[in-house]
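**Student:** According to TrEMBL:
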type	residues	note
BINDING	Glu149, Asp180, Gln206, Glu254	divalent metal cation binding site
DOMAIN	442-586	domain 'VOC'
BINDING	His445, His518, Glu595	Mg(2+) binding site
Amino acid sequence: MLIADHAAVSGPAGGHRLSIATACLSGTLEDKLAAAAAAGFHGVEIFESDLVASPWSPSRIGRECARRGLTIDVYQPFRDFEAVPPERFRAGLRRAERKFDLLEQLGAGTMLVCSSESAESVDDDDLAAEQLRELAERAGRRGLRIAYEALAWGRHVKSYAHAWRIVRRADHAALGLCLDSFHVLSRREDPAGIRVIPGAKVFHLQLADAPRLKMDVVQRSRHHRLFPGLGSFDLAAFVGHVRTTGYGGPLSLEVFNDIYRQADPRHAAIDGMRSLLALQESVTARRGPVPSPGLPPAPRLGGHVFTELAVDEVSGPVVARTLTALGFARTGQHRSKPVQLWQQGDARILLNFAPQRTIVPGTAVICALGVESEDPAGSAERADRLLAPVLPRVRLPEEADLSSVAAPDGTAVFFCRGGADGWLADFAPTGEPAREEGLVTGTDHVSLTESVDDFDQVGLFYTSVLGLRSGPTTEVAAPFGLIRSRSATNAAQTFRITLNTAPLRRGSWSPGIPSPQHVAFAGDDVIAGARAMRELGAPVLRIPDNYYDDLDARLAPPPDLLAALRENSILYDSDGDGEYLHFFTEMLGSRLFFEVVQRVGGYGGYGAAGSAPVRMAAHRHRRLQGLRDGAGRPDGRVHDYSLAHLTALSLSPPELVEAAADAGYRYVGVRLTRVTPQEPHYPLATDPALMRTTKVRLAATGVEVLDIELARIGPHEDPRDFQRFLEAGAELGARHVITQLPDPDRNRKVDRFAQLCEMARPLGLTVDLEFPSWTETPDLGEATRVLRAADQPNAGMLIDLLHFARSGSSVADLRELPAEWFHFAHVCDAPAGVPPTNEGLIHTARFERLYPGEGGIDLDGILAALPPGLPYALEIPRAQLVAQIGAKEHARMAIAATRRRLEGVPAPA
């Protein structure tokens, strides 16, 4: 819901109106006013920079605000006015008169004047009071007011107490104070002194939170303010002090934040409204009777009812196997939806195979959370009042009617009455019994990773909508950058959620791991559970011995406990309240893993600060190990796969590496030379920046370069011209060089092929001859004669299934060739019919190949004639399909289709 019900969020008559400064939001002034009105604000502060950049006249701006139900509560800022020399003072008055004209056209009644930063100002309270009084006199004659604000970095006036002394000395009805929580609390002033100021002299109240940062106060103010509830300030107490004065004006947000000012203004305005309503609720709870924000109270929450994972035909079986090894049983199947229920103790996991789920293919993601509420309808009503979108739900008449809302990151949050509301009856029993003695008793917490842009608004959603209590924000240095984390829990600490972000990173969370998520299950005996789960085949993440040596030095756990922790890869922490033992599974795909935790005593945290970097490094090590040796593959495949560049030629080499890592390839083939003038060219051999970026991506993802192409040596090419090409391949770590010999002179092409082999041999490269059927080396027979005549130890032959089939080469002849000639194969399919022209052959080879199993090539016969265990490089260019779905999705579909055809991996349902 973007259009707020103004009555729903307004206080009763006499209550505070809610306002927002246009500087909080991104976009043009028109965008900002529309967003403020849609979120339910009653007024705005117009910033001068927004007005100056607007094509609307001031009177038009006033009319547009009125049309949207917005008042203009303040116009700002007016700077460097008071305690200045006479000439500067007179210029300031002229400037002020022009601004007063502007306020009258806007229909605004108050102008905010900041304490002077000018080097010309003097430390003279009498002069400041005199000049502000003259300003107020002129404003008062027009029915306007001046709100004087002490900037925390003002040249002489830095505190609200000092500003109040000047306002009191000026003694004019049109002069009062603007109190800004940031300027007061960032200087660690005692806000209790505000209570002695008469409410009639507080003209405006601005609110902002902020994190604890050791930073220049100007930079902190202009870049790092936060909406209330997201920082370290006690804003409920601050507002309570201001209310004691009798202040009855608006509560206004003035939040300068670089992220908010790049976000969709509608979303930022909604977050601002939520923060103000939650703040009013906090003031109510702390200070007693004050005007209500119009919010129903947050119903008391119980624990986690379920966690729902969106999966597909690839990720679903992997998650199911892991759940089985963790002791879960598949106890139910939804009666009308492709959703499985897995249970153990009070822990429930739903696997949703619905194809409409928007997930990256082959991944599993947390798509919904079920939380126990004593009043689900009340929780849904509160969410609606706080502008959380209520999600439509397709259900049969006899199925449970569960209320759900969407978090800003798209996660659905369901409000349930535990098992009493009958939602479990929507699942038909499978007959599979749950374990009698569960290794897991329930769900301890769920951990989500957000983009830095969403981190604050998602945290605000859970604290305001669900009424959770936010923990402190923590930061830790991890293997791939800084991690910022924040937790939230209900009062009983039975429902916990943690949020994480990489604040200084753009792109994946870590190489090959975009936005990891995990579900942490609770157990009573993690050590026994880890042993039992490992016996059941659980992929428990191995933690290095160095961690346990350090743990012994830091906390000195008893020797028998330390030995058990080390043996079972369990991490450990303790504090004055209790202990925390936990272990992790390996990554289940590229985003999801599970954790099992045991809390002893009153331990309320989530492990030692260093546990996240240890876990990330261990996950990284395991991923690289799996890529390099193939061990631990749940699919049992016997071939490694390479993504040939021609399959996704629109991707630059770094992008190709990322696509290969995401789709599950071990290798890539990189095209260093341009074959046609029309195709993209990536000059790695002569572009140091591109080479550096590519090597960084290779190192980060663990993907390796299998081959480089193309050394195409015709009658007019000199092999020596390929020296830098070969050196670039060696620098990338390539193993093989693809060459073609479109030369009718056999002796010459044999000599040049031998010369290229001799150049490549010191670089550790083989030279693999490919024989497209339209070239002068058109088939297996001619390629065999070249290799025998060249007689080079690093010479090889590349069998491309399309070229082999189109050339009419013999599988029987292929079987007779030396096994050491073959290093990898190009795999694809194509229609059975052979194009009658070379143009047709070339077009099919470069633009219209098919996935294995879709055409008429004798895949099994050709591949069976090759030595076992060769890497399969998928060279499957499909121009029309790539235009429709993109190169990265095509690369994923290519490996999935190949594995279905060659390895028997089940096809999608």
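Here the Cβ of each residue, glycine as well, is placed from N, Cα and C on the backbone.
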**Student:** Other than its own, how many Cβ atoms are within 10 Å of the Cβ belonging to His518 (Mg(2+) binding site)?
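**Tutor:** Other Cβ atoms found within 10 Å: 22.
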**Student:** Excluding near sequence neighbours, so keeping only residues 6 or more apart in the same chain, what lies with its CB under 8 A of His445 (Mg(2+) binding site)?
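**Tutor:** Spatial neighbours, sequence-distant, of His445 (Mg(2+) binding site): His304, Ser487, Arg496, Ile497, Thr498, Ala520, Val597, Tyr606.
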**Student:** Count, for each of the binding-site residues Asp180, Glu254, Glu595, the other C-beta atoms lying within 10 angstroms of its own C-beta, and report the residue with the smallest count.
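**Tutor:** Least crowded of the binding-site residues Asp180, Glu254, Glu595, by Cβ count within 10 Å, is Glu595.
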**Student:** Going along the chain, which residues six or more apart from Gln206 (divalent metal cation binding site) have their CB under 8 A from its CB?
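**Tutor:** Expected: Ala21, Glu45, Glu149, Cys178, Leu179, Asp180, Ser181, Phe182, Ser252, Leu253, Glu254.
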**Student:** So which other residues, same chain and not among His445, His518, Glu595, have a Cβ within 8 Å of the centroid of the Cβ atoms at the Mg(2+) site?
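**Tutor:** Neighbours found: Asp444, Val446, Ser447, Thr498, Val519, Ala520, Phe521, Phe594, Val597.
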**Student:** How many of the residues that make up the domain 'VOC' (442-586) does DSSP mark as helix, as strand and as coil?
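**Tutor:** Per-class counts: 41 helix, 51 strand, 53 coil.
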**Student:** In terms of DSSP three-state secondary structure, what is the assignment for Glu254 (divalent metal cation binding site)?
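**Tutor:** Where Glu254 (divalent metal cation binding site) sits, the three-state DSSP reduction gives coil.
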**Student:** Using all protein chains in view, find how many other C-beta atoms are within 10 Å of the C-beta of Glu149 (divalent metal cation binding site).
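**Tutor:** For Glu149 (divalent metal cation binding site), the count of other Cβ atoms within 10 Å is 25.
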**Student:** In the three-state scheme derived from DSSP, which category covers Gln206 (divalent metal cation binding site)?
**Tutor:** strand
